[in-house]
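Let me begin by presenting the structure, written as structure tokens, before commenting on it.
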């Protein structure tokens, strides 16, 4: 059964153009080709990346946050309450009014105290600014170094300047050592992002992030064993060229102000620049061979990634508009911090209702001339 599925999966007509077989991509005459078995090493390397990331965040990002005066916001902690904690963990973090009233009776707290408790408890679970900064610092460092490495790999190649060269002689295109390491490192990194996504800062686009990581891993892997390596290196370098910029954009971290008005530039890179790559992968191959399953599969996954990039570009541009006008200074993908009005509530209980932060005069007092 397993052998049958294995044979069907590696059927040449799925992944290679007509009249070509895997035997055509075997090493010979000094030519070295990519092999699917090469990618096994990316899994242990992904865990090595997680170790390196932990060391980087501890010994580099954390001291850097102190130097940049990235301060934590002081959050009031919810008072320990077994009844409310059980409901919070097992049922929902956002109880309805009926649930609040029921919990008020069970816990012996007032309705307002229950609402305040859930508000504080939700804020406790929200990631700290330091955690966001550490994660962003790690991703920025990798993407920047990967972009520099990627440019070093492809800048002297003819297909960097003429995209038709991407398919010249395909699939009989020998793999270079620089391409090997670029692929292995990129794929290992995306595996590490997928492994750590559950413990990283969770945003509203959590599902989209998973789809993006999985689609990227599939694309890199497929382009490797189908020998789409020239196209793959261009695509990875294009992604890295905007990713490192996005990681240092102030609204993503909730700190600082933009350096200039060119904030949406990474969004334009994400949504617009890949059109030349898409043209390269959709149109140019048809000049050499008829469309086959691998051709459709590769471009379908490209469309999935491009759709996600358009979605994120929309969010980025919307954030940029609000950020520039001073309406928002935080990532719209993140849950917003809830304001804790407990101090004002307690003040009101002592001194009566507040108006603009000051006690309202008692109506029984007479107005004096």
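We count from 1, first residue shown onward.
In case you wondered, yes, glycine gets a Cβ from its N, Cα and C as well.
A TrEMBL annotation is a machine prediction, not a hand-curated record.
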Transmembrane segment per TrEMBL - which of 180-198, 237-255, 256-274, 332-350: 180-198
Candidate ranges 21-44, 45-68 [criterion: TrEMBL lists as transmembrane segment]: 45-68
Whether the transmembrane segment (45-68) meets the transmembrane segment (293-317): three or more C-beta pairs under 8 angstroms: no
Non-local residues, at least 6 beyond the ends, that sit with Cβ under 8 Å of the transmembrane segment (180-198): 34, 38-39, 41-43, 45-50, 53, 142, 146, 149-150, 153, 206, 209-210, 213-214, 216-217, 220-221, 224, 229, 232-233, 236
